Amino acid sequence: MAIWLERASADFEQKFAAFLTTKREVSEDVNATVRDIINDVRHRGDAALAHYSQKFDGIDFTRVSMRVTADEIDAAFSAVDRAVIEALELAARRIEKHHARQMPKDDIYEDDIGVGLGSRWTAIEAVGLYVPGGTASYPSSVLMNAVPAKVAGVERIVMVVPANGGAVNPAVLAAARIAGVEEIYRIGGAQAVAALAYGTETIAPVAKIVGPGNAYVAAAKRQVFGTVGIDMIAGPSEVLVIADKDNDPDWLAADLLAQAEHDRGAQSILITDNADLGKAVGAAVERQLKLLSRSETAAASWADFGAIILVEKLTDAIPLANRIAAEHLELAVDDPDALMAHIRNAGAIFVGRHTPEVIGDYVGGSNHVLPTARSARFSSGLSVLDFVKRTSILRLGPEQLRQLAPAAITLAHSEGLDAHARSVSIRLNPES
């Protein structure tokens with residue numbers, strides 16, 4: 001059973017603070033191993049990829065190509081149930097339409113003395129998309145990463161995916177085709193991240209790597225950062241639901257379990273001002289757990305990291321929500337807009353009782369790649385902005401240079417940078 005906390009209790013702050021800092025990921029010191037793998041790929045290229053793919057995934061690249069062929073992608077698309085294809089296509093259309101609204105515009109202007117200033121946006125040239133294998137291989141995540149990159153104008157999107165024995169989940173390949181991703185390699189782990197960052201004989205390097213993975217992938221992304229950009233280091237999923245008494249406990253229980261079934265380290269939290277509702281939701285969770293195919297995972301998540309928090313009034317939930325900074329925040333209350341106006345920290349907000357977080361996972365149009373582990377305090381979910389970069393523009397004519405030069409020269413001299421000062425003064429006094 002999840003922990004029960006009451007805001008009115010004398011020891012609430014102590015218990016809540018401890019709850020916030022509970023570690024939900026198994027700590028695995030893989031940095032040394034990952035460093036060795038990255039160095040091996042940098043030095044041996046394809047040979048290293050073949051070695052690790054054989055060792056970890058049982059793939060023999062003398063029997064199957066490293067790159068997934070166009071025929072394989074087409075065959076996978078044909079093999080996937082038509083209803084799934086149509087759902088993926090609907091999701092892709094909605095993601096594309098929403099993310100197109102995020103495209104920033106160039107802003108070039110002239111100030112009051114005639115200096116041209118502004119910024120210009122350009123797409124990153126090449127992006128690598130890591131797609132996990134196994135039970136965490138989600139076609140929807142392919143769309144959430146690839147479609148915004150396409151909208152941004154990224155010319156080359158490279159997908160890597162672990163393939164046990166060489167086989168890739170057909171739905172993942174179908175999603176890639178729908179998103180317009182054609183360059184796909186059946187490699188995974190730290191070795192795939194290294195190949196994307198540094199390149200091999202077969203794989204040209206990219207400029208940025210996005211997508212979640214296990215501890216080895218996360219460590220590899222950390223280690224190659226600086227050589228390439230990365231999106232974020234994703235942790236276990238989480239949801240916070242703020243609910244008043246006028247809710248169906250079964251609805252709320254289903255929402256909490258939708259996160260809990262992801263991972264034993266996932267976290268589901270309910271904050272309510274009604275004790276009876278809190279107890280009813282707890283009971284509903286226990287009933288619904290018996291219906292789930294992933295009940296063992298969900299039960300462990302709920303027991304180890306779940307919480308029901310009772311507050312005296314709904315506005316008391318606001319500071320708690322901002323401290324939790326949840327990946328997903330549902331506002332299942334009569335006036336969700338009033339609460340939302342005061343929420344500063346959340347990866348995504350789902351407004352009203354009829355907006356389950358799961359719609360955002362799939363077909364809402366918003367992105368489901370969101371900051372976890374309280375990182376919504378300082379970061380945002382994946383968007384078009386992750387695939388573009390801003391370049392500053394500055395333009396002066398002779399008159400503008402004459403007006404600004406004295407101050408620039410003064411500051412350069414004050415910092416002891418004579419060449420800086422001369423770079424300006426030589427344009428005013430060519431003989432100097």
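Heads up, the Cβ atoms here are built off N, Cα and C, so glycines get one too.
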Listed in Swiss-Prot for the Zn(2+) site shared with GLN259, HIS262, HIS420, one of ASP304, ASP316, ASP361, ASP386: ASP361
Per Swiss-Prot, member of SER237, SER375, SER379, SER380 binding substrate alongside GLN259, HIS262, HIS328, ASP361, GLU415, HIS420: SER237
Which recorded positions sit within 10 Å of SER237 (substrate binding site) - Cα, from ASN214, GLU327, HIS328: GLU327, HIS328
Candidates GLU327, ASP361, GLU415: member of the recorded positions with the richest Cβ shell (10 Å): GLU327
Spatial neighbours of TYR130 (NAD(+) binding site) that are distant in sequence (at least 6 apart) but have CB under 8 A: VAL160, VAL161, GLY188, ALA192, VAL193, LEU196, ILE209, VAL210, GLY211, PRO212, GLY213, VAL217
Per-residue Cβ crowding (10 Å cut-off), top of binding-site residues ASN214, SER237: SER237
Proximal residue to GLN259 (substrate binding site) among recorded positions GLN191, ASN214, GLU327 (C-alpha distance): GLU327
